[in-house]
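Reviewing the structure listed below.
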Number of protein chains: 2
Amino acid sequence: MLCERLRDQRYQERIVSAEEAASWIHDGMTVGLSGFTRAGDAKAVTMALAERAKRDNTPFKINVYTGASLGSDVDKVMAEAGIVHKRLPFQADSVMRSKINQGEMLFVDHHLSHTAEAVRAHVLDPIDFAIVEAIAITEDGMIIPTTSVGNSSIFVEQAKAVIVELNMAQPLALEGVHDIYDLEEQGQREPIPLTAVDQRIGLPGIEVDLDKIKGIVITNQKDSPSTIVQPDQETQQIANHLIAFLKDEVKKGRLTNSLAPLQSGIGSVANAVFNGFLDSDFTDLQVYSEVLQDAVFDLIDAGKITFASGCSITLSPAKMEEVLGNFDQYKDKVVLRPQEISNHPEIIRRLGLIAINTALEVDIYGNVNSTNVLGTHMMNGIGGSGDFARNSRLAVFVTKSIAKGGRISSVVPFVSHVDHTEHDVDIIVTEQGYADLRGLAPRERAMLVIENCAHPLYRQQLREYYAEALSRGGHTPHVLEKAFSFHTRFREEGTMQEHALATPSR
Amino acid sequence: MLCERLRDQRYQERIVSAEEAASWIHDGMTVGLSGFTRAGDAKAVTMALAERAKRDNTPFKINVYTGASLGSDVDKVMAEAGIVHKRLPFQADSVMRSKINQGEMLFVDHHLSHTAEAVRAHVLDPIDFAIVEAIAITEDGMIIPTTSVGNSSIFVEQAKAVIVELNMAQPLALEGVHDIYDLEEQGQREPIPLTAVDQRIGLPGIEVDLDKIKGIVITNQKDSPSTIVQPDQETQQIANHLIAFLKDEVKKGRLTNSLAPLQSGIGSVANAVFNGFLDSDFTDLQVYSEVLQDAVFDLIDAGKITFASGCSITLSPAKMEEVLGNFDQYKDKVVLRPQEISNHPEIIRRLGLIAINTALEVDIYGNVNSTNVLGTHMMNGIGGSGDFARNSRLAVFVTKSIAKGGRISSVVPFVSHVDHTEHDVDIIVTEQGYADLRGLAPRERAMLVIENCAHPLYRQQLREYYAEALSRGGHTPHVLEKAFSFHTRFREEGTMQEHALATPSR
């Protein structure tokens, strides 16, 4: 079996235990890990490293770079062990999040297409070890990744040494799904030749010198499944509004019935929106996105999606079994690319994507907060939302209009952290309706967002804020001393609602 | 003389007066004008239109799209005449600015590379007339622009009809400097083949059907010159800090002695920075920017810059005489492109530019406000700063640390409007020093910005804010109820300084 996966005799001499590989990693080092939204993460060496920290009494800290979030509790265990000095470019673990927000570890929130450039340009601390999961290493020296590509190719290229986690639990059928295209340095590169979603422009694996592979660790552990959240009434309404808007765009001649390549962020709202396409009249859809979730494969099965390009596959337990167990039938309909390519401004703008991402909160002028709860506490990170929103044909942001049983309004006078500016936000959709902000000045946007997107519980409060702002004048009217009044009221009274106690019936 | 410029007999039949051409434009129409930062603007028909509005008693409103700001008081006169309903994507006239801020006209603040996509995708109101300045119309049906290209090619392509202002005051020697490359619709286009600053990829003029040219107006008026502001002590210090930083990058091996293609925003700080290169050791510099200002030509004359690509040439009176009077000697060192190409994310990222733009204010985490004074009042617009900062190799923002004699700090706890988020800002430079924010988490950034960039008058206030914010915790610590305290104090007390009256000596 092993010779199927280690296709040169010499690789076998590099096999070591996870503990031994972990022993090479010392205080102050930087590691670059495979892994993107729980898929294809380096699961063994990182765990052994955290175990060592717990066991020994020699404290150490390392920098951890990845593609995006990790699964298998790797981020949790590393955070608990206190071994992470700096983490980038994305995470989604509750323990790690809490350490970040307590100031116990540092987190750098990158656009997901930017990390590779920063590594290539030697702007970040240099990478000592790339640790990447693989299904095989070929006879001609290529590491074949598993369920994600993420930043693995740039990490392998730039690291001083490479550790491969050869995961026997990942099916060999994945071979051929990857398309690895490496960029030269800025100023010395050609145009990226990709002009169609289903085009292949690179190699089936990551090229690496045998000498650079310091160790190979044999593992046998599936990816952590995604925690699937079924569509609820609100997410269903969001999907319906978005589909109504897209139908209208088709009617106006701006889109055809196969729309344009679709991108969606991860999460239940995005998944619900994609589910909404199942019953729609749209046909021959294509996906050019980061994470391929359950709904993408449902739509492939239903013949609605003809091709999906991503940089990772993250599925629920049942769907994982179904897709990875029969991957041959998906291989001509799916490709996995490095996240620098899946999220590249050049490609996103050329193809003219429809980008659908989730907002934490939006403001009356269309600015979006994707990351910092109440302006201060990091949730997960901006991810690829900025790469896509800035460069897409249509930048759509979706959110439920209220959270915490109505105590939080997702529509506020001024977002408490700005990830996407008014220049980059085209359409805002909540379960209440949608606001099409294209070509509108701030004074045209405010009432549209309030009346179409805010929850009725909060509309009057927002109207009153805007009326007072208007009395002050300006291109973007505001009452700065009250701009964060929703947020400060929540902090003090536990709700953003004015007079919530006096008029509970509102 | 005219036959040199109208190279097909049939064009002569289209010659009309500016008044007649203006008479074709009615209430509710949309016009697309040539013009980018005072250069190559349509000067005659727009003025005749404003005259008509003043003369007649029939009120009308039109939408006005341009490349960027206009010169020759066109924006001023149109604003005074009250004929503009909506204006995009940039303006810089004080009368128009005041009308926008009073809510008397609408302004849409676009990334300058985005307007062409919105026009091409029929997202904005359709253009009834493109009105573009030209030095000539060729025998094979090409409009040769003058000192700017701006959005002229997309306006001509998409407008229902075209009016050409043939400007006899613009030298025929400009012919050959333009490189017009048109993009197909999103989803149907090839990679833009540009891989070097001095490469030509298009045509020397804008192709147009004879039938589409409804009128040709003969004019004879130079561009408005730029109001040159000589470097002062602070802008000189900013230039020195930036050059010291760049030298250090060369020393670290991240840049060579010819740096990388340079972009700079318009204005005195940017001009001073470019002036700083004159006495530097850097050689064989290249420019890939929007506006080519005086300093670019000084650097060409000094042999420091080998090639400059822009989308307009905006000069002081003396420099205009010198450059436009002897343009043949610059022709092999300069190219003018459509702003969609000069500002295209695909090219900016491929070439790896060093982008230098001006901030109105910055905050302790590196967010930048480029547009709205005190969060509400529009200055000029975001211009190309977002196109460049997001996609460049190095996104540099420069500003003096104080304004209004110290009553305003350009470093604040939370910018009152966000145009560039923390994800897109690498280096902040003031006359105090610079902060290199690359790879830093928010908690690493705050003290660096305060200590290196803020004016000593404000450092203690900022330290106190940050200390209180830290006590609240979070990834991006803030005290939201005090986040805009600098701005509200200025509104109430006329200064951002705490206890300014009690301790005037600070």
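Count begins at 1; order follows the chain as displayed.
Even glycines carry a Cβ here, placed using N, Cα and C.
According to TrEMBL:
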type     : residues                                                                       : note
DOMAIN   : A:8-172                                                                        : domain 'Acetyl-CoA hydrolase/transferase N-terminal'
BINDING  : A:Gly265, A:Ile266, A:Gly267, A:Ser268, A:Val269, A:Asn380, A:Gly384, A:Lys404 : CoA binding site
ACT_SITE : A:Glu290                                                                       : active site, 5-glutamyl coenzyme A thioester intermediate
DOMAIN   : A:327-465                                                                      : domain 'Acetyl-CoA hydrolase/transferase C-terminal'
- Task: Round to a whole number and give the Cα-to-Cα distance in Å for the pair A:Asn380 (CoA binding site) and the residue listed as 'active site, 5-glutamyl coenzyme A thioester intermediate'.
- Result: 15
- Message: What's the number of neighbouring CB atoms sitting within 10 A of the CB on A:Ile266 (CoA binding site)?
- Response: 25
- Task: With DSSP as the reference, give the number of residues of the domain 'Acetyl-CoA hydrolase/transferase C-terminal' (A:327-465) in helix, strand and coil.
- Result: 49 helix, 37 strand, 53 coil
- Query: Looking only at A:Gly265, A:Ile266, A:Gly267, A:Ser268, A:Val269, A:Asn380, A:Gly384, A:Lys404, the residues listed as binding CoA, what is the longest Cα to Cα distance in Å?
  - Reply: 26
- Tell me, what is the mean pLDDT of the domain 'Acetyl-CoA hydrolase/transferase C-terminal' (A:327-465)? 98
- Query: Which whole-number value in Å describes the distance between the Cα atoms of A:Gly384 (CoA binding site) and the residue listed as 'active site, 5-glutamyl coenzyme A thioester intermediate'?
  - Reply: 8
- Across all protein chains shown, the recorded positions A:Gly265, A:Gly267, A:Val269, A:Glu290, A:Lys404 give the max Cβ-within-10 Å count at A:Glu290
- State the Cα to Cα distance, in Å, between A:Ser268 (CoA binding site) and the residue listed as 'active site, 5-glutamyl coenzyme A thioester intermediate', rounded to an integer. 15
- Going by DSSP, is A:Gly265 (CoA binding site) part of a helix, a strand, or coil? coil
- Of A:Gly265, A:Ile266, A:Gly267, A:Val269, A:Lys404, the binding-site residues lying within 10 angstroms (C-alpha) of A:Glu290 (active site, 5-glutamyl coenzyme A thioester intermediate) are A:Gly265, A:Ile266
- Task: Within 10 Å of the Cβ of A:Ser268 (CoA binding site), how many other Cβ atoms can you find? Include all protein chains, please.
- Result: 17
- Task: Using DSSP with the three-state reduction, classify the residue listed as 'active site, 5-glutamyl coenzyme A thioester intermediate' as helix, strand or coil.
- Result: coil
